[in-house]
Structures are given as structure tokens and as C-alpha cells.
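Participant: Have a look at this one before I ask anything.
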Amino acid sequence: MIGIIGGTGIASILGKGEERIIETKYGKAKVLIDDDVVLLFRHGIEHNVPPHRINYRANIYALKQLGVERILAINSVGSLKEEIKPGTFVIPNDFIEFTKFRESTFYDEGKVVHIDMTEPYCPELREILKKILENKNYDYHEGVYVCTEGPRFETKREIKIFKNWGDVVGMTGYPEVVLARELEMCYVSLCNVTNYAAGISKNVLTVDEVLETIKIMEDKILKIVDEFINYDFGERNCICKDALKHAVI
Ligand SMILES: CSC[C@H]1O[C@H](OP(=O)(O)O)[C@H](O)[C@@H]1O
């Protein structure tokens with residue numbers, strides 16, 4: 001099974017399949033199931049769940065319960081670099097996070113687990129996603145995803161600091177990527193660069209700009225997702241499938 005986690009502006013372009021509510025020990029998750037693809041909208045289909053209130057554990061656990069092994073997460077981000085232009089893509093190869101109140105592990109009682117995060121995103125899926133974008137001549141960069149708590153956008157001063165440490169900024173990439181690895185699932189992120197971050201942009205940040213850019217990118221996003229869900233993945237030979245092997249005390 002393949003899992004697709006949709007972010008801002010994606011429900012309107014990807015919403016198809018049988019709607020199901022999946023009960024997990026961390027709460028409920030609403031998904032759409034279409035053949036062997038599970039679609040989950042992290043903000044809810046109506047986009048009424050803000051980034052800091054998303055039940056990330058219920059979402060990832062629900063995908064695991066449904067037999068998902070590989071996840072493509074779609075994230076909207078702000079660019080921290082002039083050369084990373086709105087309307088292009090970023091495939092993160094690392095992250096740093098400044099979130100505050102999120103449940104960020106499945107292992108907070110009973111087993112003590114220290115999962116390795118040297119390669120947070122699945123190396124196999126990153127290579128596949130890069131190939132898909134290259135074959136389509138879609139502009140993309142690899143880089144570091146900086147995760148903030150939200151729901152506010154960042155200040156100019158925060159971005160002045162973040163741009164020395166990362167390439168794009170978002171509010172939802174963490175803890176999804178860690179939770180997926182804790183359940184030995186492969187996770188890759190396709191970041192839609194929707195705007196320049198605060199202070200780099202010449203204008204104030206607006207949700208309108210984010211949604212307008214997503215609209216412009218939607219055809220490319222659809223084509224990438226379509227190619228991904230139809231990719232012949234074969235066996236998993238990555239670090240993700242045995243992530244717990246040397247992580248439990
Ligand atoms: C409306 S911009 C802020 C909003 O968009 C991004 O969501 P997602 O990563 O799910 O596409 C960002 O993380 C914020 O939640």
C-alpha cells in the first residue's frame with residue numbers, strides 16, 4: 001500500500017476514494033482509499049485543523065494499520081533562498097525543528113526507543129522522486145526543511161537565522177517524518193515552494209499567495225503523484241524497514 005499525505009490546497013485536487021474513519025489508539029484519522037492508495041489530508045478535508053493541532057500520531061498509525069509501507073507527503077513551504085523560487089519543488093534530505101507542543105514519538109512509555117535520524121527521509125524514495133521530477137523537467141532542489149510550530153508565519157528575524165540553517169520552512173513536516181521511521185515506514189516529502197519566507201519576500205505573507213501558487217502548481221503535483229503511485233517499487237532495501245533493530249534499549 002502507498003500512503004499520500006496531502007497538505008494545504010491539495011484536497012481540492014486529489015480528493016478521491018472511499019471515505020473511511022480509522023480508529024487508532026492515538027485517535028481517529030479520516031482517509032480516502034482508492035485501490036491500494038490511502039489518501040490522508042493532514043488538515044482535514046475541510047482544512048479546519050491547524051498545523052499545531054494535527055494528530056500526527058493518529059495519522060501515521062492509521063496508515064500503518066492499513067498496511068502502508070511507503071508514504072509520499074506533500075508540504076507547502078516558504079523559500080529561505082533566493083535561488084529556490086516559488087512555483088518550484090524541494091525534496092528534503094534533512095530537517096531541523098522548532099516545534100513546541102507536539103507528541104513526537106510513539107514510544108513515550110514502556111519501550112525506550114532512540115531512532116536513528118542520520119538519514120531522516122527514505123533514501124530509496126528520494127531517488128525515485130528525484131527521477132520522476134527530472135524525467136518531467138520540473139525544477140527542484142534538495143535541501144533542509146525547517147519546521148516551525150505555527151500557525152503564525154515566521155518573523156523576519158527568525159528567517160534571518162533559519163536561512164543559515166535550512167532551505168525551506170514549513171509547519172507540518174515534523175513529527176511526521178520521525179513517526180513514520182519509528183514504525184519502519186518509508187517517508188519522502190515533496191515540498192511545493194509557494195512563497196519567499198518573511199523578510200525575503202518583498203511583501204507580507206498571505207494565505208492567498210500560498211493557495212494561488214498551489215493552484216499554479218497543481219497540474220505538476222498531480223502528475224508527480226500519479227507517477228509515484230504507479231511506480232513499480234519492488235522490494236524495500238532501505239534503512240527504514242529495519243529502523244527499530246538497533247534503536248531499542
Ligand atoms: C497556508 S500556509 C501555512 C500552512 O501550509 C502548510 O501546510 P502543509 O505543509 O500541510 O501544506 C504549512 O505547513 C501550514 O500548515
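Cβ from N, Cα, C; glycine included.
Keep in mind that this is a model prediction, so the values were computed, not measured.
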Participant: Hey, TrEMBL has phosphate bound by Arg42, His43, Thr172. Any idea which of Thr8, Thr148, Thr206 it lists too?
Facilitator: Thr8
Participant: Across the domain 'Nucleoside phosphorylase' (24-229), what is the average pLDDT of the model, as a whole number?
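Facilitator: Its mean pLDDT is 97.
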Participant: Identify which of the following recorded positions, namely Glu154, Asn195, Tyr196, Ala197, place a Cβ less than 6 Å away from any atom of ligand 1, and list them by sequence position.
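Facilitator: Among Glu154, Asn195, Tyr196, Ala197, near ligand 1: none.
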Participant: Hey, how far is Val207 (site 'Important for substrate specificity') from Ala197 (substrate binding site), Cα to Cα, in Å?
Facilitator: 12
